[in-house]
Amino acid sequence: MSDVAVMILAGGQGERLSILSRQRAKPAVPFGGKYRIIDFALSNCVNSGLYDVAVLTQYRPHSLNEHIGHGRPWDLDRERNGGVVILQPYLGRSTSGWYRGTADAVYHNLFYITRRPYRDVLILAGDHVYAMDYRPMIAQHRERCADVTIAVQPVDWREASRFGVVIVAEDGWVVDFEEKPERPRSNLASMGIYLFRRNLLLDLFTRDHPDAPEFIDFGRDVIPYLIRTARVATYRFDGYWQDVGTVQSYWEANMALLEDEPKLNLYDPNWRIHTRSEERPPAKILEGATVIRSLLSNGCIVEGATVIRSILSPGVIVKAGAVVRDSIVMTDSVIGPGAVVDRCIIDKHVTIGANAYLGWGDDNSPNWLEPSRLNTGITLVGRNAVVPPGVRIGRNVLIGPEVKESDFPGAVVPSGETVNPIATVVWS
């Protein structure tokens, strides 16, 4: 579809993911062992025949830029007939500073959709995990002669307040939109996927609209205004879609991949999820090892250890006698001999010392520093951290990036505590 331009919003910080997104943009967070979250939006584009793709970055873009590069893994390294471009905030005569919101990001990059005579512009969130063919949505949008079409999915009523929700009339047109309401009137959640007529989008941002708010955010400003002034439709998507914006939802979405028939099938030959992969040897499981219901990426070595219901990214080494259970361990981390890692998320290049125990005990006290993010028993270990041998670390513990052995004040880290190299913490 050469008449559709795609803009992927990938500049979000994702604060609710705690230290997982402290040193990288949320779309660059690893997922499912070998992938990153942005891989799903990019793969959906090329699998849908959409090759004109712009990725709008902002917060800590280095790892995301490095991952996407020229777009070769997604067949987006094209000089003609499409290709991927990465657009970052820039200083110019009429623009300054960072993007203030999703709509502001698109406004500052309108030049991208004027390069060719596109008919429509597809705007995607780059921080969701899903497998979606965009072609039926585009077809419905054009058949209904809609100005804007919003992809929606029903969610549990108890979760609806986490999303922007739409209210639809009997004739199928949207009559109201509420951004993360305390008392939602609908459970039809916006997926952060918007399909605009290009000319309407250009008119919206380049002409005066005296009765309009300042267009900073699509959910808060643009969509409510267009509901009053344009034809806004919905496209209901019933396939797999997950907002992995919290530590718990991120962990659950990864663990769901281990089911016999997961809703997100990474093995579907008709809908491949592409990624940038390093050249690494196959995973190796040595004598005496036990691996049950787990995903092991290339370069992993399990040396007579036990891995249960866990996901290991490339290059992870689990030493003899160690146990990894219900956990996510990212690239090139080493689990020392005899160590136990239970219900943890371990970032890249972490070293867990021999006989250390992470996820120790039954105390589920929330983390004192981030109680709203770490309260379900998951312990987080930041990138490049070194955990000393023999230490006991409870649940809902936050081990910051770059922590060294000398940053640990004792042999026991109680549940709900934090170890951070920036501050000295004294526990009673």
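Note that the numbers count up from 1, one per residue, in the order the chain is shown.
Just so it is clear, glycine is given a Cβ too, placed from its N, Cα and C backbone atoms.
Pulled from Swiss-Prot:
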BINDING   Y99, G164, E179, K180, S190  alpha-D-glucose 1-phosphate binding site
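Spanning the listed alpha-D-glucose 1-phosphate site, residues Y99, G164, E179, K180, S190 have a farthest Cα to Cα distance of 21 Å.
Packing around K180 (alpha-D-glucose 1-phosphate binding site) is summarised by its Cβ count: 13 other Cβ atoms lie within 10 angstroms of its Cβ, all protein chains included. Look at E179 (alpha-D-glucose 1-phosphate binding site): DSSP puts it in a strand.
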